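*Asks:* Below you will find the structure I want to go over with you.
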């Protein structure tokens, strides 16, 4: 079932490892169980999901396992971005095989590639599968942006849409203006849901849905009900807590800890990431409580 | 009549010079006449208004003349930002004398100043007048940003609000979250009116209102009527034309030409700015027509 | 006596103000007296000299007074850079009138100007005087660089050379490669004297010569004697202390304090700069002693 | 034979692939044969060598084959940098097993890691082998720099030195000042050999030595003979041609073409890199001829 437009809340699922650094597929079910009622799909092996620092075989196992767990009930988007073309193509084919609805990819990272190289990279991806291929814009991680002009050329080689994690609402508008209605623009954060929803965004990939999916879902419902006043209140609460959490240290390890505090064993991140220090547990707990206050969980 | 919160459309008025580089105060009346029905006030000698490259006596004359022209009917905010404290203070006192409702200032530019220096700069400004003092965040022009944390300290020394030209909606939220309800946050562009309005913004300083005030006003009215669907359409049209205009060359000289095309003699910018080249006249005209299509003028 | 190539140590002289913020021309003689034996000229009203935040009449007074003090014995280069063309031209003419050997100017700051605007700015400067005009590259202060390609166009409109404060030795080479032997490239720091000297640099504008002119002069003499081994030792000492001093706070106020510690009354910087805090006096003193250890003063 | 200080010309060897994207180990001997007389060692699977976009098994094969080819005659440094710790450690152990004299690693890329994570990454590397571990500073590729302060902490966990590709001579000095004599600082480019040699650099990792090893070696010999005047001439020629080559397109594919023009079959780069277009062949040839004019080859 290829999709042409993503919809709803599609969290960038984190990936559980054990203390020895082995992939811990068994822990995926707990995280999926916990988040499932509040999401429309999953974005696998993305930046939150540690895909870019995992082995190819590990990335495949995560996609396989989550596809099994959701059994067609949810959208599955697999991030296949890599430093090289071959790995990305291999992962895209595999994603299609396990029933993913779409794949997404950062442009090849580490090197700052020329437009010719980038277009060829995505052309090979598009040619390797029949499901939609999304480009994923994340300038701080990749080292260079996907400008609207580049996105237009990506559209011409068959890219179906973009996941934008630039945190730049003007860029969202520029994409829409430049790329037209038949190119999907998905917002890669919970921090800008209201301001982009009113501009037409309907799909979101929010890291916070890993550990507080209820509040993000509540915001999405307020948006769908056009209750923008209430949406603004929730948006402000989300962004306030986001900032507080970011001050505690690197975000990704904190998500594992936050899940533990929510009662879900998400294991540990892969190295070079290290588990969040114990000292932040109490304060993180209070932030989550603040976030969920008044939200049915 | 000190205000505590700005409201509405307050364009950053451009400043007319003659071909010899002399200030052309006489031409101000035409621009004010043209824009007045569609604005709630004027922001004088800002970045669009060329304040930072004008002589102190010229900046004063502009403030005096516009204050005369609007005779209390409109909000007057005078930008007094300078590389040095003395000039900014002198301009602030003068602004108060001619009846301005507020002053605004970039942090001192050219040098990258320490927090201590910046706080002292604004403290002296605040102490020199009884009208509200706004800080003006424009990182590309100034060389450094006003972070929410710095803004909080500015609030403590008496700064009333911020004019944010960072084009960063997340920063808008961060300011609101950090600074609370008793600190005004004004949006320094027409490009983000809808996404910031739904987040609580009620005052805008849009350069486009110099030459197409009708469309910006129409957007503001749609926002005030909570007609966000129509607002989105207008917002997209505005941003599309903005991008087109920006591709023609430096924006500020184009505003003078656009006014001429609208039938208003706005003179010329001050050097080092040069008049926009004749070649772009026809294409600029077509952009303006696209912008105003279906708008009552 | 127009020069076509600058030579030697030409410190960017700081400008003394009194506690009320008034220019204190009387204090200039002490600073000149202190530095004169160890320098070949003075660079006036540059970034160290606070020119970009001084009034036009103040900038002129500094140039007049220093010209009087050195009476033709030393090179005088007056920095005339401003946000606007008119002020820069006025200052350039004045510099020529008081006997300066050359003027220098940053490209117009605050706004990020187009190439056309920048070239016109320098063309007007060149046309206004018969002494050489240098461009001054300082990207962090100005907001944009003078690339070698832009410098080549500046050369074509008559610019005689460049003062480069980019701290980028590769840029120094690129300038030389692109601009040829008949375009002067002057290094705007003491931190890179050895590595640029071996590449052909013969003129330096070192802020440290304000308060420790002996050590910079000693380095220059070692370079002129091709004693690169000793030069490396001095260069390392200079850079080590530079870093230590920079950690104490904003550099410019520290220079005033350092001069006081050397027995020279240099007054105070102009606001928004504030005097360096008393607390750093002892540690700054020890750094200066380290710097001058073994140097005849 | 662990080394404690690298010495001489140690080019970042490119890695040959065939047109199908398979590693072409057979072609390595031709490149090694061609360069061997003019180098002191090889830096394998670095940025030029495409290590960060190769599979782990491919990276190992390159190290094995080159180790065989040079049979202990040359220094072998293997770059093991990766997005994850496990891969880097695996490659470091393998490098030690095949007789490498040292390993080097960028800090983990893609994510912007905290200091704690970076230090732990290098600690694990150091603990996994008995040969020296170098850190490799390449901010544009990695997304963040190794500051002198961070390098000092890396030294404390056992890192032996740094390969600096920041193109920043002041950073070279800062490293030396901060890290002391018992920490090696290696310069990662041919573009700054003279200015860093006079500051104490004795080892260089120059990409140009892949296709014009004679000229880089000639520069090194001039430096070793303290013939800095001649060295400056060669340095200028090198940098001039570097700039010309860079204007032809992405550098890495051009190196493969340049080797072909020198009569060495280096195959092709790995995708997303694509072979340099045929059109540039003639002009590239003329640049190489300019570079080698008057150099014995």
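Note: Cβ is positioned from N, Cα and C throughout, glycine not excepted.
Keep in mind that this is a model prediction, so the values were computed, not measured.
Reproduced below are the annotations present in TrEMBL:
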type	residues	note
ACT_SITE	D:136	active site, proton donor/acceptor
ACT_SITE	D:163	active site, schiff-base intermediate with substrate
BINDING	D:205	pyruvate binding site
*Asks:* Roughly how many angstrom lie between the C-alpha atoms of the residue listed as 'active site, proton donor/acceptor' and residue D:163 (active site, schiff-base intermediate with substrate)?
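*Replies:* Spelling it out, the Cα of the residue listed as 'active site, proton donor/acceptor' and the Cα of residue D:163 (active site, schiff-base intermediate with substrate) are 5 Å apart.
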*Asks:* What's the number of neighbouring CB atoms sitting within 10 A of the CB on the residue listed as 'active site, schiff-base intermediate with substrate'?
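*Replies:* I count 29 other Cβ atoms within 10 Å of it.
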*Asks:* So, in DSSP terms, is residue D:163 (active site, schiff-base intermediate with substrate) helix, strand, or coil?
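*Replies:* In the DSSP reduction, residue D:163 (active site, schiff-base intermediate with substrate) maps to strand.
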*Asks:* Quick check: in three-state DSSP terms, what is residue D:136 (active site, proton donor/acceptor)?
*Replies:* strand
*Asks:* Cα distance, the residue listed as 'pyruvate binding site' to residue D:163 (active site, schiff-base intermediate with substrate), nearest Å?
*Replies:* 8
*Asks:* Check each residue in the chain of residue D:205 (pyruvate binding site) that is at least six apart in sequence and keep those whose C-beta is under 8 Å from its C-beta; list them in sequence order.
*Replies:* D:10, D:11, D:12, D:43, D:46, D:163, D:165, D:186, D:187, D:188, D:189
